[in-house]
Structures are given as C-alpha cells and as structure tokens.
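To keep things clear, I will list the structure first and then write my remarks on it.
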Amino acid sequence: MRLNPGQQHAVEFVTGPCLVLAGAGSGKTRVITNKIAHLIRGCGYQARHIAAVTFTNKAAREMKERVGQTLGRKEARGLMISTFHTLGLDIIKREYAALGMKSNFSLFDDTDQVALLKELTEGLIEDDKVLLQQLISTISNWKNDLKTPAQAAAGAKGERDRIFAHCYGLYDAHMKACNVLDFDDLILLPTLLLQRNDEVRERWQNKIRYLLVDEYQDTNTSQYELVKLLVGQRARFTVVGDDDQSIYSWRGARPQNLVLLSQDFPALQVIKLEQNYRSSGRILKAANILIANNPHVFEKRLFSELGYGAELKVLSANNEEHEAERVTGELIAHHFVNKTQYKDYAILYRGNHQSRVFEKFLMQNRIPYKISGGTSFFSRPEIKDLLAYLRVLTNPDDDSAFLRIVNTPKREIGPATLQKLGEWAMTRNKSLFTASFDMGLSQKLTGRGYDSLTRFTHWLGEIQRLAEREPVAAVRDLIHGIDYESWLYETSPSPKAAEMRMKNVNQLFSWMTEMLEGNELDEPMTLTQVVTRFTLRDMMERGESEEELDQVQLMTLHASKGLEFPYVYMVGMEEGFLPHQSSIDEDNIEEERRLAYVGITRAQKELTFTLCKERRQYGELVRPEPSRFLLELPQDDLIWEQERKVVSAEERMQKGQSHLANLKAMMAAKRAKS
C-alpha cells in the first residue's frame with residue numbers, strides 16, 4: 001500500500017523539527033516505520049543513532065516488528081525502539097555513576113511503593129487508604145513536574161502539602177539508601193541529570209542523532225523536558241500526536257506540549273494526516289462535528305474513502321439492567337444475521353463499574369467476552385516471587401524483595417527473628433540480607449530461627465556468586481534449590497492451578513535465557529538488566545494481553561484508545577457518566593469530549609449509543625439527562641429509537657427471554673445443519 005501525499009511528506013521531511021498531527025486511524029505507525037527506513041536507507045543515518053519512543057510495550061513491540069519487516073534484522077540492528085521509561089532506564093544504567101548510584105539498583109513496583117509508604121508514614125497520616133493513595137499521586141505529580149523533596153516542601157501550601165512533602169523526603173531518603181528506583185524516577189533522574197551535566201547531555205545528544213516520539217499528546221512535563229534535552233540545538237526530531245485524543249490529564253499528560261513545540265522550536269514543520277483508513281464517512285462526520293466544539297490551535301478534519309456507511313443508532317433503556325439486556329439482544333441478533341465473529345464487537349463505557357451488568361447478561365446468554373485490564377503475566381504471584389529472588393541476587397540492599405522471599409517457601413524464620421534482624425541491620429546501617437552475614441548476629445539471634453536464616457542467606461550467597469559467572473545456571477539452580485514446584489503444589493487450590501503456575505515459571509526462565517544469551521537483533525544482557533527490564537514490563541503491561549480469542553471486548557473508553565472494532569456500542573451516554581460528573585463539577589468538559597471522540601473513532605462500520613432513563617447511583621434512583629455529546633452530533637445521521645409503550649419489568653423480562661430463546665434456537669438449528 002502506497003503512502004498518501006501527507007504521509008509521504010511526513011516521511012521525507014528530515015531537515016528540522018517536525019510535528020505530525022495524525023488523526024485517528026490515519027496510519028501514523030506506517031509513517032514512523034517508513035521514516036526510520038528512510039533515515040537509514042535514504043539519509044545515511046546509522047540505526048544505532050536513531051531512537052523511537054512510545055508509551056506502551058505493545059506499541060514498541062509492534063513498531064519493532066514492522067521496522068524489522070521493512071529493513072530486515074541486520075539493517076535494523078542497534079536501533080533503539082522503546083517506551084519512554086525503558087529509554088530512561090537505559091540512560092540510568094549507563095550513567096549511574098554520574099547519578100551517585102550503585103550499578104546494581106532495583107525497581108520498585110506499585111505494591112512495594114504502597115508497602116513502604118505505609119510503613120514510613122505511620123504516625124504522620126492516619127491509617128487511611130484514600131489519603132495514602134493521594135500521597136502516592138502527589139509524589140508522582142511532583143516527580144513528573146521535576147520537583148525534588150526540598151522544592152516540594154518550599155512550595156507547600158497548607159498543612160496537608162507540608163506533611164506530604166515531609167513524607168516525600170522520607171520516601172526519597174529510604175529509596176536512595178536501598179539503591180531502589182520507582183517508575184517516575186526513570187524519567188525524573190535522567191532529565192535532572194541531562195539538565196545539570198553538560199558532558200552527559202552531549203554524550204546522549206551524539207548517541208541519539210534523530211529522535212521519533214509517538215503519542216506525543218500524552219507527554220507530561222518531565223517527558224517533554226527530556227525530549228528537549230535529547231534533541232538539543234540540532235533539533236532533528238519527529239513527534240507524532242493528536243491533540244483531539246489527549247485523554248490522560250489525570251496522569252499528568254499535557255496536550256499543551258504540542259503548542260509549546262512551536263514556541264520552543266520556531267522552525268517547526270507541521271504536517272497533518274487527515275485521511276482515515278478505519279471508519280465510514282458517517283462515523284467520521286459525527287466525530288468531526290463533535291470535536292469542533294473544542295477550541296483548537298491546529299485545525300484538522302478527518303475524511304474517509306470507505307463509503308458513507310450505516311446510520312448511527314441511539315437506543316434508550318429504562319434502567320441499567322434493561323440497557324445491558326438490550327445491548328446483549330442486539331449483539332446476538334447482529335452476530336446471527338451477519339455471520340460475524342464475537343471479537344468484532346466492543347462495548348465501551350466511562351467507568352469500570354458499568355461492566356458488571358453487561359457481564360451478567362453476556363454470561364447468562366453464553367456469549368464469550370473479555371474485560372480488558374486483566375492480570376499481567378508479571379503481576380502473577382509466582383512471577384513476583386521469582387523476580388524478588390532475582391532482585392536480591394542483583395541488589396542485596398533491596399529489603400522489600402528480601403522480606404518477600406525469606407519465607408517463600410516456608411523456612412521457619414518467624415516474625416520475631418525478622419524483627420531482631422531488622423533492629424540489628426538498622427543500628428549498623430546495613431540491608432537485611434547483608435546484615436545476616438554479620439558474625440555478631442549470633443548473640444542477638446539463637447536457636448532454630450538463626451540456623452534457618454543463616455542457612456538460607458548463605459545458600460543465596462552461593463547462588464549470587466554463581467550468577468556472576470553463569471547467570472542461566474544460577475537461575476536454574478535457584479528454582480530447583482528452593483523446590484518451588486513442590487511449594488506451588490502445596491499452596492495452589494488444585495493440581496491444575498499448580499501446573500499452570502509452574503508453566504508460567506518455565507516461561508519466565510525461557511524468556512530470561514533468551515535475554516541473557518542475546519539474538520540477532522538484541523545484544524546479550526546482564527542479569528541485573530534482565531531483572532530491571534522484567535520489573536518495568538510488569539509496571540507497563542498491566543491489562544495488556546497478547547492473546548486474541550473470539551470474545552466480545554468490554555473496556556473503558558480510556559483503554560480503547562489505539563484499538564479498532566467493526567461494531568461498537570458506547571453505553572451510558574448520559575450527563576454524569578459521559579461527561580463524568582467530576583468533570584462537569586471541575587469544568588473539564590473538553591477532555592470528556594475528547595474521550596467521546598476517541599470512542600466514536602474506534603468504530604469501523606457501525607456505531608450504537610445507549611442511554612438510560614433511570615439509574616441507581618449510591619443507592620438512590622436518578623433520572624439522568626441524555627449526554628450533551630449526543631445532542632452535539634449531526635442529528636440527520638442518528639436514528640433515535642422511537643418511544644415505546646411502557647411495559648412492566650416482568651413483561652419485559654418475559655419478552656426479552658423469549659426473544660433471546662428464539663435467537664438461540666435459530667443458532668442451534670443452524671449448528672445442527674452444519
């Protein structure tokens with residue numbers, strides 16, 4: 001498939017800063033991969049001097065695969081394609097000395113972070129989960145805005161901010177003492193380092209001679225600053241983004257970064273991609289008219305050559321049960337008549353709580369479905385156990401990981417033993433693992449607890465020494481040495497569950513072996529690099545799944561971004577749901593409108609909206625108004641279902657069950673014939 005004129009221009013412009021305004025479904029990934037190929041084949045760039053960054057591992061993997069197909073593995077070798085956080089991690093790994101760190105640092109995930117802050121803030125904030133979550137979000141926002149604990153304290157307004165800034169200081173000091181980083185540090189530390197250290201900045205500007213950034217509208221303050229520091233005065237970069245799809249302000253994303261580009265880089269070339277290869281003309285007309293109600297710095301209007309398409313439907317339901325029943329009935333009928341697959345359908349909603357009633361009706365009617373946001377492979381307990389072992393091997397200062405493994409499997413090392421070990425370690429300013437080797441510890445600890453502890457840590461020390469020479473053998477010995485398979489069979493609810501968990505362990509070992517040994521495209525990694533990469537993948541892949549089964553897709557509008565489906569149901573189109581009540585209260589309607597725009601532009605062929613006349617909220621019955629966004633759409637292209645005679649819940653249930661029973665009978669008859 002040839003590039004269109006806009007795509008071709010975006011690929012070939014390489015002489016200065018470039019912003020590609022890529023509308024939904026306009027083929028931006030093709031532009032990025034073709035531009036990388038053009039830089040290497042047409043402009044003389046070496047692959048190792050080009051970096052492309054995006055926001056998810058899935059997007060980075062897809063880009064890597066496409067570039068590999070276009071260029072071939074040999075030509076693409078050395079090319080840096082990663083997420084922002086992986087790029088930050090690479091900078092930290094190479095520049096740890098300049099940051100005043102040890103090379104064997106660990107990464108904290110959100111579970112570690114919650115546990116540590118809970119411990120550090122005892123007596124400072126009440127035992128309040130909501131307040132703790134607010135503290136975590138505030139620390140994250142401070143880091144994203146490049147604020148150190150001292151700067152946070154200096155700018156604190158009010159008592160709560162002062163307490164939070166103090167907690168941030170305690171947290172930061174503890175992280176440094178344990179040689180541990182959290183997710184936000186992976187952007188904060190490289191950015192501060194490049195700001196302050198001319199030599200390091202120059203080294204990275206020479207290393208990355210052309211930078212490409214995907215989903216630019218999702219960047220926050222620190223990410224934008226990192227981009228500016230990496231490109232420097234040379235300003236050889238391409239950023240691809242869409243201000244109309246900026247829906248992550250609650251995560252610190254700043255769509256105004258697109259506007260700042262033209263101020264910070266006056267020579268910026270703006271190229272628009274407006275041809276959509278996904279949706280019908282009618283769907284795009286609705287999206288264009290809706291989003292035109294938001295103010296724009298860069299105007300663009302999507303168009304399609306895929307035909308005008310089916311009218312958009314609006315279904316009205318009496319309440320949320322009726323809404324789910326109607327969507328399920330419509331979906332079954334459509335699936336039967338059009339001989340489609342279940343994975344062609346998506347049900348999109350504003351909040352996760354809306355999915356439950358849809359699950360109920362899909363389940364009752366034996367419709368296979370999948371809710372996005374399932375358990376990441378790296379979040380599974382067996383994987384976290386093994387990664388905790390490896391974290392201690394590669395960073396003996398990681399107390400959080402040590403406490404996870406010390407009794408996994410059970411070793412008769414009780415709380416009293418661990419408390420005394422903790423007191424001993426604290427007075428000597430050592431980690432728990434390191435302190436366990438102290439000669440004088442035998443005076444503090446005695447009996448079975450001491451014997452079990454020293455037996456365990458000395459064995460782990462042997463594995464640690466083996467890991468320095470033969471990491472693959474060390475990991476194999478570790479899994480066998482703790483007899484982890486027996487432990488899984490003892491603690492799993494069934495032998496089948498234990499078998500599946502052991503299969504996951506073997507999968508992890510297989511991936512680890514590949515990464516330690518390297519391949520045509522990737523250099524061999526050290527064990528430390530492998531462990532930090534896996535921990536980062538866990539944090540970034542929550543809810544991502546590679547498996548594609550024939551299932552109806554249920555997901556939030558936020559989770560749907562970047563995806564496409566032939567048939568889309570946008571449910572709960574009511575004031576208070578979309579737009580969300582908190583956004584109405586905070587006058588943040590523009591972002592909610594962008595969210596509706598994202599939902600509409602997921603649909604390829606048909607789009608159906610649903611709304612309820614009544615809903616139960618917080619135990620009360622409310623009568624919501626139709627969403628203003630429905631009223632902003634071109635009414636000539638909408639079919640609002642005619643009002644029907646009001647029937648009782650019992651009559652409706654009988655009628656609905658009869659309708660579904662007829663459809664199921666038709667499907668059964670069809671299966672019997674085939």
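Any Cβ shown, glycine's included, is placed from N, Cα and C.
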Binding-site annotation, Swiss-Prot, ATP: partner of A22, G23, A24, G25, S26, G27, K28, T29 in R278, R282, R301: R278
Mean per-residue pLDDT computed across the domain 'UvrD-like helicase C-terminal' (281-562): 86
Additional residues surrounding ATP, by Cβ distance to the A22, G23, A24, G25, S26, G27, K28, T29, R278 centre under 8 Å: L273, N276, Y277
DSSP three-state assignment for K28 (ATP binding site): helix
R278 (ATP binding site) - helix vs strand vs coil (DSSP): coil
Fewest other Cβ within 10 angstroms of its own Cβ, chosen from the binding-site residues A22, A24: A24
Spatial neighbours, same chain, of R278 (ATP binding site) - Cβ under 8 Å, 6+ residues apart: A24, G25, S304, E564, T601, Q604
Cβ atoms near K28 (ATP binding site) (within 10 Å, other residues, all chains): 21
